[in-house]
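Chemist: Here TrEMBL flags A:31-57, A:83-106, A:118-139, A:159-178, A:223-244, A:264-288 as transmembrane segment. Annotated domain 'ABC transmembrane type-1' per TrEMBL: A:84-287, in sequence order.
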Amino acid sequence: MAGRSDAGSAIGDRIDAITAYFRSRPRLRTLVVAGPPYAVLVLFFAIPLLVMLVVSFQTSEIGGPWTLSNYTNFLTSETYLTVVWQTLVISLQVTAIIAVVGYALAYSIVRFSRRTTLLLLLVILPFWTSYIIRMYAWINILQSDGVLDSTLNLFGLPAVGLLYSQPAVLIGFTYVWLPLAILPFYASLTNLDPDLIEASKDLGAGPIRTFTSVTLPMTKNGVITGLILTFIPTFGSFITPRLLGGTNNIMIGMVIENQFKSAFNWPFGAAIGMVISVVVVALLILATRFGGGLFGQRSQGGAEA
Amino acid sequence: MRKFSLDSGVSRRRFLQGAAGTGLAATAGCLGGGGGGGDDRVPMDVTEWPPEDISSSLNMWNWYDDWAEWAIDAFGDEYDVEVSNSGFSSPDQWYSQLEAGNEDIDNIAATTNWVERSIENDFLHEIPVDVMPAWDNITDRIKEASSYRQDGSVYAVPEALVLYPLTYNDEYFDSAPDSWGVLWDDEHEGELCMWDNATVSCQIAALYTGQDPIQPDDFDEIEEVLIQQKPLLRTYWGDYQQGMSLFVNEDVVAGPLTMGRTYTARFSEGAPVHYTAPQEGAMYTSDLFVIPRGAPNPIASLQFTNWASQTENAAQLFETMGYQPAVDISDELSEEDAEFTNWPDDWNLVFSETLSDEVRSRYDEIWTAVQAA
């Protein structure tokens, strides 16, 4: 027993010594605490982004002469701008669907469910399976005579054969990104004081008025955060439209992928990537101005209430 | 009792030295150990066959997954070598490793165009084919079709011929379609597919319009016919498995698919499919074994390349994957397999030469415009 006590005391002394060492050196302490995350950001985000920026100003041969042509070719091409527009439309459609479905689901979990943990577990369950496998599962469900068509036939309804269509792409995206949106929706709704809803009703407001005047404004941060987390990955996606979409579901992520994998025009792909990054960051800043909580600023809404 | 103190007992310099040493040791531990002892020789050091003292490991990247799985045991048992394989879906996966400085890969099954790029960038070891007994097994047809030489030196050994045929449902069609025009025939509307691949699809359109698919003279016509075709298609498939499933599920009756996937669909999945080369021609390319510079076990890789080119081992490539190996295996096949793999002499086959930057870029622009139309 005495031996153990001595050993415990020795460890405690060492911890005290290390603590004192760092306490007396505030700069070193800051470096140790903040250094690793900053290093990760610089190594895996800033430097690759910088490399991409440099490459985007080169001719089709990396290391060749400098040029602006990659940007001018992209920004003056009706074809590529059409693809960006189509991508924007699909991304907004997906975001709108997820906003409605995700909010309703999160609201019902918070307000009406007892097994909250189990339901949240079910929500994030799809993340345990590979993205590609989930898409193949949807191929099996949506294909002609697949699970969906068989089920419809069972009830005497005609088959719909949704695979290789825009609805299939929307379903695939909604399924994949819904958990990302539900979690912030859920967090903001959990922090919403139920007494405020009761107060609204006591003051004579109906369900719709209460929702638009109390519930939604008070959970605005969580909603916008969820929508950002949905919109951004959808905008850059290329696997879902390739596997589930038909002949009219090209997205800008597919164009970028082609530049790197088949056209071998990395500088052009990098230029498209930079433009899209700027657009997405601009949208991100715009969204946070409306109250999204990604940058951690305070407002009067839900999670910070 | 001496207390541990960073203030007194351990100086900052010693602390940092220790940390650096530990870091270096950890880094070495992470980066090293790729090759069971490794080998300082290069393939051209082998002047007599068989090579002596091959190392006990081999790390290959071969996208013929089923064949590679068989080869791991067969080669491993025969030569007492521990073989591992990293399958890949796109050549850029291994090419980027070579660009970054290879320290891990010993042997790659590389498509001709990527072999050319690798040779140009000095990523590959020269191979002493004159001392390799199995080199004589490679057919003249594929030797002539592949690009693996530079300045008289050989940098690759052909593994397989890869045909991009027209695959069709042989219950739906009474006989093999004789023209790519079947993919523009509105009689089959909604039951056709194309490959979501700029080069393949534009080259099919070039053949259909009577142009040279390597150096076409009317890109506008290619774009025009591909846009005309869109309403007739079920989809553009972007993944080999997806392409095969379209035929297996009988969602489509005609479209481009590789010979290997057609073989799998027919013999493994029982789908009523066959393939043909339409009269306008069909593209084909080759896959080749290469030994990248930096390979930790280059001599074992050379031994493997020779072993894989032996007739009975090459025949397994067809048996497991349905691709035509670079070796004449006709004596090894059943009548049914021989009938399937036989390419009639009157087929007009066009070797898929590496495209110029201009043509590749135009094909990519056309394909984007077609999909966005």
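For all residues, glycine too, the Cβ spot is worked out from N, Cα and C.
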Chemist: Quickly jot the same-chain residues contacting the transmembrane segment (A:159-178) by Cβ under 8 Å, restricted to those at least six beyond its ends, or write none.
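Modeler: Same-chain residues near the transmembrane segment (A:159-178) but 6 or more away: 90, 93-94, 97-98, 101-102, 105, 123, 126, 131, 134-135, 138-139, 142-146, 148-149, 152-153, 229-230, 233-234, 237, 240-241, 243-249.
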Chemist: Of the listed stretches A:31-57, A:83-106, A:118-139, A:264-288, which one has the most C-beta pairs under 8 A with the transmembrane segment (A:223-244)?
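Modeler: Going through each listed stretch, the top one turns out to be A:83-106.
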Chemist: Go through the chain and flag residues at least 6 beyond the ends of the transmembrane segment (A:118-139) whose CB is under 8 A from any CB in it; none is fine as an answer.
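Modeler: Same-chain residues near the transmembrane segment (A:118-139) but 6 or more away: 105, 109, 146, 163, 168, 171-172, 175-176, 178-179, 182-183, 186, 239-240, 243-244.
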